[in-house]
Amino acid sequence: MSNTVIAPSILAADFARLAESAGAVEGSADWLHVDVMDYHFVPNLTIGLPVVQSLRKATTLPFDCHLMIADPARWATQYAEAGAYNVTFHAEAATDPVAIAKDLRKAGSRAGLAIDRDTPVEGYLELLPHFDLLLIMTIKAGFGGQAFIPELLDKVRTARRHVDAGHLELRIEVDGGVADDTIAACAEAGADTFVAGTAVFGAEDPAAAVRRLRALANG
Ligand SMILES: O=C(CO)[C@@H](O)[C@H](O)COP(=O)(O)O
Ligand SMILES: [Fe+2]
């Protein structure tokens with residue numbers, strides 16, 4: 001059975017119809033990726049805890065919450081308590097990432113560490129045993145619809161080598177510009193988890209787009 005996870009990002013959905021958009025990919029997607037932005041860590045504002053709490057009641061899809069917020073130590077566990085399956089926060093915003101990971105697991109979610117475009121992965125490899133997921137941005141965090149940056153796949157290759165050598169149980173997720181023409185390269189580099197916003201919710205048939213992405217990732 002394939003290990004591939006496809007996580008459509010509702011950042012590219014119609015914010016007045018979030019429940020409908022989630023429903024459109026139930027049955028085809030594995031997780032729903034929820035981008036939380038706070039106008040501080042990134043120059044954009046999206047959705048926060050109340051929307052996550054309401055949406056949690058509207059879909060059966062597990063939530064993959066990607067916190068692009070300045071103070072994850074303060075807020076991250078609340079997303080776990082709201083029922084998120086994964087809560088991923090940015091390494092650049094955390095003074096003690098391992099402490100936050102422990103709090104998240106205690107609060108009932110899985111813990112994810114994200115690294116933005118300009119952050120090298122090497123400094124975080126030793127922390128990975130404390131995490132369930134490593135999110136490697138393939139754009140600069142902040143906005144959907146940006147062009148994929150292929151050079152960033154070197155970080156995926158480095159992380160994959162480390163994870164395999166250490167037999168770590170960790171998903172490697174790519175986020176940003178993942179689409180029909182880029183997903184195979186992400187999979188070849190070693191990603192097993194794929195966020196796609198525009199490629200799914202910008203498509204006429206989001207469920208078909210998810211199925212196509214999965215087939216391309218699986219080669
Ligand atoms: O975290 C982010 C943006 O910062 C992403 O999750 C975007 O939502 C990806 O959108 P596309 O690049 O797939 O349109
Ligand atoms: Fe994201």
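Even glycines carry a Cβ here, placed using N, Cα and C.
These figures come from a predicted structure and were not determined experimentally.
Binding of substrate is attributed by TrEMBL to SER9, GLY142, PHE143, GLY144, GLY145, ASP175, GLY176, GLY177, and within the candidate set HIS66, HIS90 the record adds HIS66 to that site. With respect to ligand 2, the binding-site residues ASP35, GLY142, GLY177 contribute ASP35 as residues with a C-beta closer than 6 angstroms to one of its atoms, given in sequence order. Secondary structure at HIS33 (divalent metal cation binding site), as computed by DSSP, is strand. Excluding HIS33, ASP35, HIS66, ASP175 themselves, the residues of that chain whose CB lies within 8 A of the CB mean position for the divalent metal cation site are, in sequence, ALA7, SER9, LEU11, VAL34, ASP64, CYS65, THR88, LEU135, VAL195, GLY197.
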